[in-house]
Amino acid sequence: MRLGPRPAVLGLLLLLLLYAAVAGASKAEELHYPQGEHRADYDRETLLGVQEDVDEYVKLGHEEQQRRLQSIIKKIDSDSDGFLTENELSQWIQMSFKHYAMQEAKQQFVEYDKNSDGTVTWDEYNVQMYDRVIDFDENTALDDTEEESFRQLHLKDKKRFEKANQDSGPGLNLEEFIAFEHPEEVDYMTEFVIQEALEEHDKNGDGFVSLEEFLGDYRRDPTANEDPEWILVEKDRFVNDYDKDSDGRLDPQELLSWVVPNNQGIAQEEALHLIDEMDLNSDKKLSEEEILENQDLFLTSEATDYGRQLHDDYFYHDEL
């Protein structure tokens with residue numbers, strides 16, 4: 001028997017879903033710069049991962065740390081000129097983000113695949129997420145605002161699940177599950193992501209998202225002289241980050257840069273931070289000597305996922 005969600009838990013479920021949807025980039029920035037101050041150990045955690053990995057890194061001898069770090073440096077140096085540029089560091093950090101996202105999805109796949117048959121069904125996904133199978137009528141709105149919001153989110157998840165299922169089998173295989181969890185990483189999900197965003201934000205159905213639609217339900221207080229700070233920030237993002245052709249609206253490709261989590265900015269910021277801190281001769285790039293001289297800083301950065309890469313032979317295994 002399929003059940004709807006228990007009303008008592010709807011509020012909590014909704015909050016959790018909303019938090020998960022928006023927390024990625026802002027959470028990374030908050031952890032990196034709490035109260036606006038740079039946190040040095042954030043870099044190591046990004047490179048190494050969880051505290052257990054950091055502890056394991058500390059156990060490595062100094063020579064072994066250097067050996068593995070030198071191997072990583074060679075891999076980052078894509079043109080083999082002996083220096084790490086902003087672009088090389090940024091590309092490496094983005095690759096690291098993607099690698100660990102894929103690793104996490106693989107771990108989740110095992111947890112969701114309750115009967116260990118190599119696929120995750122929609123029912124298994126529901127059981128893992130909500131401890132029961134939830135099924136909503138697509139055509140019947142709910143009176144309660146929170147319940148209706150949850151229904152909409154749940155139906156969107158179901159549509160994404162169905163889109164990820166390329167072979168129309170009873171469930172998702174690993175590759176399809178990754179597409180479901182990280183549609184931004186899979187080409188065949190791009191059109192779905194854009195369409196989903198247009199359905200949510202394009203209120204007049206013209207195929208674009210205007211500034212007004214971008215800001216949602218915001219209306220300026222008639223007694224206020226100016227917009228609040230957060231609105232000014234959002235307007236600036238619309239104009240300078242997303243509306244590339246400056247036509248006052250977001251086309252589908254511009255919309256994609258808004259709705260899909262984008263690690264490029266975070267990676268570029270970290271690359272610039274490392275060069276700024278470690279570039280001893282001000283040539284805007286890092287030599288192996290500069291990195292080894294500032295080894296602790298480099299191993300507390302996203303470039304090595306806070307040192308985590310020293311324990312993952314996907315990154316450090318190479319001939320020196």
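Heads up, the Cβ atoms here are built off N, Cα and C, so glycines get one too.
As the structure is a computational prediction, the values presented were derived from the model and not from experiment.
What Swiss-Prot says about this one:
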- 1-25: signal peptide (SIGNAL)
- 64-99: domain 'EF-hand 1' (DOMAIN)
- D77, D79, D81, E88: Ca(2+) 1 binding site (BINDING)
- 100-135: domain 'EF-hand 2' (DOMAIN)
- D113, N115, D117, T119, E124: Ca(2+) 2 binding site (BINDING)
- T140: phosphothreonine (MOD_RES)
- 150-185: domain 'EF-hand 3' (DOMAIN)
- 189-224: domain 'EF-hand 4' (DOMAIN)
- D202, N204, D206, E213: Ca(2+) 4 binding site (BINDING)
- 230-265: domain 'EF-hand 5' (DOMAIN)
- D243, D245, D247, R249, E254: Ca(2+) 5 binding site (BINDING)
- 266-301: domain 'EF-hand 6' (DOMAIN)
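A map of Swiss-Prot features onto the structure.
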{"residue": "D79", "record": "Ca(2+) 1 binding site", "Cβ within 10 Å": "9"}
{"residue": "D113", "record": "Ca(2+) 2 binding site", "Cβ within 10 Å": "21"}
{"residue": "T140", "record": "phosphothreonine", "Cβ within 10 Å": "8"}
{"residue": "D202", "record": "Ca(2+) 4 binding site", "Cβ within 10 Å": "19"}
{"residue": "N204", "record": "Ca(2+) 4 binding site", "Cβ within 10 Å": "10"}
{"residue": "D206", "record": "Ca(2+) 4 binding site", "Cβ within 10 Å": "11"}
{"residue": "D245", "record": "Ca(2+) 5 binding site", "Cβ within 10 Å": "10"}
{"residue": "D247", "record": "Ca(2+) 5 binding site", "Cβ within 10 Å": "10"}
{"residue": "R249", "record": "Ca(2+) 5 binding site", "Cβ within 10 Å": "21"}
{"residue": "E254", "record": "Ca(2+) 5 binding site", "Cβ within 10 Å": "18"}
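Between the domain 'EF-hand 3' (150-185) and the stretches 64-99, 100-135, 266-301, the greatest number of Cβ pairs separated by less than 8 Å involves 100-135. Take the Cα of D243 (Ca(2+) 5 binding site) and measure to each of the binding-site residues D77, D79, D81, D202, N204: the nearest one is D202. There are 19 other Cβ atoms within 10 Å of the Cβ belonging to E124 (Ca(2+) 2 binding site). For D81 (Ca(2+) 1 binding site), the nearest neighbour among the listed binding-site residues (D113, N115, E213, E254), judged by C-alpha distance, is E254. Ranking the binding-site residues E88, N115, D117 by Cα distance from D245 (Ca(2+) 5 binding site) puts E88 first. Put simply, R249 is the one of the binding-site residues D117, E124, R249, E254 whose Cα lies nearest to the Cα of E213 (Ca(2+) 4 binding site). When the neighbouring Cβ atoms lying within 10 Å are counted for each of the binding-site residues (N115, T119), the highest count belongs to T119.
In the predicted model, the domain 'EF-hand 1' (64-99) shows an average pLDDT of 89.
For D77 (Ca(2+) 1 binding site), the same-chain residues that are 6 or more apart in sequence and have a Cβ closer than 8 Å to its Cβ are F83, L84, E88.
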